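Asker: For reference, TrEMBL lists these features for the protein:
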type	residues	note
ACT_SITE	His133	active site, proton acceptor
BINDING	39-59, 115-118, 235-237, 261-263, Thr279	NAD(+) binding site
BINDING	Cys141, Cys144, Cys195, Cys198	Zn(2+) binding site
DOMAIN	12-293	domain 'Deacetylase sirtuin-type'
Amino acid sequence: MQPVSRPTTWHPEPVDVALTTVDDAVRVLAGNRIAALTGAGISTDSGIPDYRGPGSPPRNPMTYQQFIGDEDFRRHYWARNHVGWRHMHRTEPNAGHHALADLEERGLLSGTITQNVDLLHQEAGSRNVIDLHGRYDRVICLSCSLVVPRAALAERLDALNPGFAESVGAVGDIEIAPDADAVISATAHFRPAACDSCGGVLKPEIVYFGENVPRDRVDAAYSMVDDADALLVAGSSLTVMSGLRFVKRAARDGKPVVIVNRGATRGDVYAMVKVDDGTSTVLPELAKRLPAPAATPR
Ligand SMILES: [Zn+2]
C-alpha cells in the first residue's frame with residue numbers, strides 16, 4: 001500500500017498572540033454577532049478523543065481513496081464503525097456545547113459550523129448548525145445516492161454478523177475516534193451490507209480525508225461567516241483547510257477571530273484573541289459574561 005499524505009500529523013508552529021485571556025475574549029466579542037466554528041476539541045469532554053490534540057496517539061485515518069478502492073479496507077472500516085457507532089450514539093453534550101446553544105438562544109450567536117460528525121451541538125439545543133463533515137447517523141449509497149439512517153443499517157449489519165458487536169465489546173479492545181471508528185483487530189470475517197435498493201457500496205455520510213466538502217455546504221458556511229461580525233473558533237487546531245478557510249475569510253474581512261483551543265492552531269496567526277484552554281471551561285465563562293445584545297442604541 002502506498003503511504004498517503006497525513007494532514008493529521010501536521011503540527012502548527014506556536015505564534016505569539018497578544019491577547020490571551022477570557023477577559024480579552026469577552027471584550028472583543030461583546031456587541032458583535034458571533035459565528036462559531038468547532039472541532040474535535042469541543043467533544044473530548046464528552047468522551048470522544050481528539051486524535052489531533054496534544055497527547056493524542058498518532059492516528060492514520062482511512063482516506064476516501066482507500067475506502068473507494070479497496071474492498072478489504074471497506075470491510076475493516078464497517079466492522080469498526082459497527083462497534084464505534086454504538087458508542088457515539090450514547091455520548092452526551094458537555095458544558096461547551098451547552099454554552100454555544102445558550103449563546104444562540106440569547107441571540108448573540110448566529111450559528112455554528114462544526115467539523116464534528118457527532119451531532120452533540122444539536123443534542124445541546126443549537127438550531128443553526130452546519131455539519132461541515134457530515135453526520136454519523138446517516139449512510140449514503142455511492143451508486144444511487146439513497147440516504148438511509150445509520151440505525152436501520154445497524155439492524156442489517158447485526159443480522160449479517162450475529163454476535164459480532166457484543167463479542168468485541170466484551171473484549172474491550174475498543175478505541176473510539178472522532179469519525180466513529182473503533183479500533184479492533186479481528187475484522188476479516190465481517191460482512192458489510194450493500195445498498196438495499198441497488199446493491200451499491202454504502203458509505204457513512206461523512207467527509208473523509210481526501211474527500212471534498214460538498215460545495216453547497218461550503219457556501220452555506222461562508223454565508224454564516226459573512227453574516228457575522230466575529231468568528232469564535234472552539235476546539236479546533238485548524239490543521240485542515242476545510243476549517244481554516246473560514247478563519248481566513250473572517251480575517252480578510254477585518255472581523256475579529258477569537259480562538260479557544262488547547263495548544264497551537266494553524267489559525268493563531270489570524271487570531272485577535274487566543275485562549276489556550278479547554279472549551280468546557282472557557283465557553284461557559286464566555287456565555288456567562290457576554291452581555292445581551294443592546295435592544296436600543298446607546
Ligand atoms: Zn443504491
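The first residue you see is number 1, and the count goes up from there.
Placed from the backbone N, Cα and C atoms, the Cβ positions cover glycine too.
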Asker: Within 8 Å of the centroid of the Cβ atoms of Cys141, Cys144, Cys195, Cys198, which other residues of that chain place their own Cβ, given that this set defines the recorded Zn(2+) site?
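Answerer: Those within range, site residues removed, are Leu142, Ser143, Ser145, Leu146, Ala194, Asp196, Ser197, Gly199, Gly200, Leu202.
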Asker: Measuring CB to CB from Cys144 (Zn(2+) binding site), give everything in the same chain under 8 Å that is also at least six residues away in sequence.
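Answerer: Listed in sequence order, they are Cys195, Ser197, Cys198, Gly200.
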Asker: Mind looking up the mean pLDDT for the domain 'Deacetylase sirtuin-type' (12-293) in the predicted model?
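Answerer: Taking every residue in the domain 'Deacetylase sirtuin-type' (12-293) and averaging pLDDT yields 88.
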Asker: Across all chains shown, how many C-beta atoms besides its own are within 10 angstroms of the C-beta of Gly47 (NAD(+) binding site)?
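Answerer: Around the Cβ of Gly47 (NAD(+) binding site), 13 other Cβ atoms lie within 10 Å.
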Asker: If one measures from the C-alpha of Ser43 (NAD(+) binding site) to the C-alpha of Cys141 (Zn(2+) binding site), what distance in angstrom results, rounded to a whole number?
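Answerer: Each residue's Cα considered, Ser43 (NAD(+) binding site) and Cys141 (Zn(2+) binding site) end up 28 Å apart.
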Asker: Please check the recorded positions Gly39, Ser43, Gly47, Asp118, His133, Asn261 against ligand 1 and give me the ones with CB under 6 A, sequence order.
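Answerer: Near the molecule: none at all.
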